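Visitor: Questions regarding the structure given below will be posed in turn.
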Amino acid sequence: MIFPFLSVLAAALLVGADQLIKQWATAVLQPMGALTLLPGVVELRYYLNDGMAFSMLAGQRGLLIGMTSVMLVCVLVMLLVRKMHPWERVAWTLVLGGGIGNLIDRVLNGVVVDYINLLFIDFAVFNFADICITTGIGLLILWILYDSFRKERAEKQAAAPQDDAADGNA
C-alpha cells in the first residue's frame with residue numbers, strides 16, 4: 001500500500017516545485033519581460049493564460065476549473081485504489097501533479113502563469129506543470145501501446161497449437 005502514498009507525495013512535490021517556479025517567474029520575469037537562455041532557441045517570458053493548452057477555452061474559468069477538478073479527483077482515486085504497473089503509476093502521478101499545479105493558479109488568480117517560450121518553432125508559451133502533464137500523457141500512450149502489444153503477443157502464444165509432443169520434443 002506504499003505506492004499510492006508515494007504517488008500522492010510525488011504529486012505534492014511536483015505541485016510545490018511548480019508553484020515555486022511560478023512565484024519566481026512572477027517576481028522576476030513580469031517586471032523584466034523576457035530572459036534569453038539560448039538565443040534563437042528558448043527564452044523565459046512571463047505570460048498569463050486564461051485558457052488551457054494553446055489557449056483553448058480561453059475565458060471559460062468556471063468550466064475549466066470544473067472539468068479539471070473532476071478529472072483530477074478521478075486520477076487521484078485511481079492512484080489510491082487501482083493496482084497498476086509502476087510506469088503507469090508514474091504517468092498518472094505526473095498528470096495529477098501538473099494538473100493540480102495549474103488548477104491552483106486558475107482557482108486563485110483566474111489565469112495560469114506560463115513562462116517557457118520556444119523561439120525556434122511557433123509554439124505556445126508553457127510551464128513546468130504543462131511539461132508534467134504532457135510527459136505523463138506521453139508515458140500513458142507508450143504504456144498503453146506496450147501493454148496492448150504484450151497482451152496480443154501472449155494471446156497469440158496461448159492460442160498457438162502445442163506441437164512439442166508430436167515432434168518428440170516433450
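Each Cβ is built from the backbone N, Cα and C atoms, and glycine gets one as well.
Quick paste from TrEMBL:
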{"type": "TRANSMEM", "residues": "62-81", "note": "transmembrane segment"}
{"type": "ACT_SITE", "residues": "Asp114", "note": "active site"}
{"type": "TRANSMEM", "residues": "120-146", "note": "transmembrane segment"}
{"type": "ACT_SITE", "residues": "Asp130", "note": "active site"}
Visitor: So if I draw a 10 Å sphere around the Cβ of Asp114 (active site), how many other Cβ atoms end up inside it?
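Guide: The answer is 23.
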Visitor: State the residues, same chain only, that lie 6 or more residues beyond the ends of the transmembrane segment (120-146) and have a CB under 8 A from a CB inside it; answer 'none' if no residue qualifies.
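Guide: For the transmembrane segment (120-146), the list is 14, 17-18, 21-22, 25, 40-41, 45, 47, 49, 53-55, 85, 87-88, 90-99, 101-102, 112-114.
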Visitor: Per DSSP, to which secondary structure element type does Asp130 (active site) belong, with helix, strand and coil as the options?
Guide: helix
Visitor: What's the CA-CA gap between Asp114 (active site) and Asp130 (active site) in angstrom, rounded?
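Guide: Asp114 (active site) and Asp130 (active site) have their Cα atoms 9 Å apart.
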Visitor: For Asp114 (active site), just give me the three-state DSSP call.
Guide: strand
Visitor: Hey, what's the Cβ neighbour count for Asp130 (active site) at 10 Å?
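Guide: The answer is 21.
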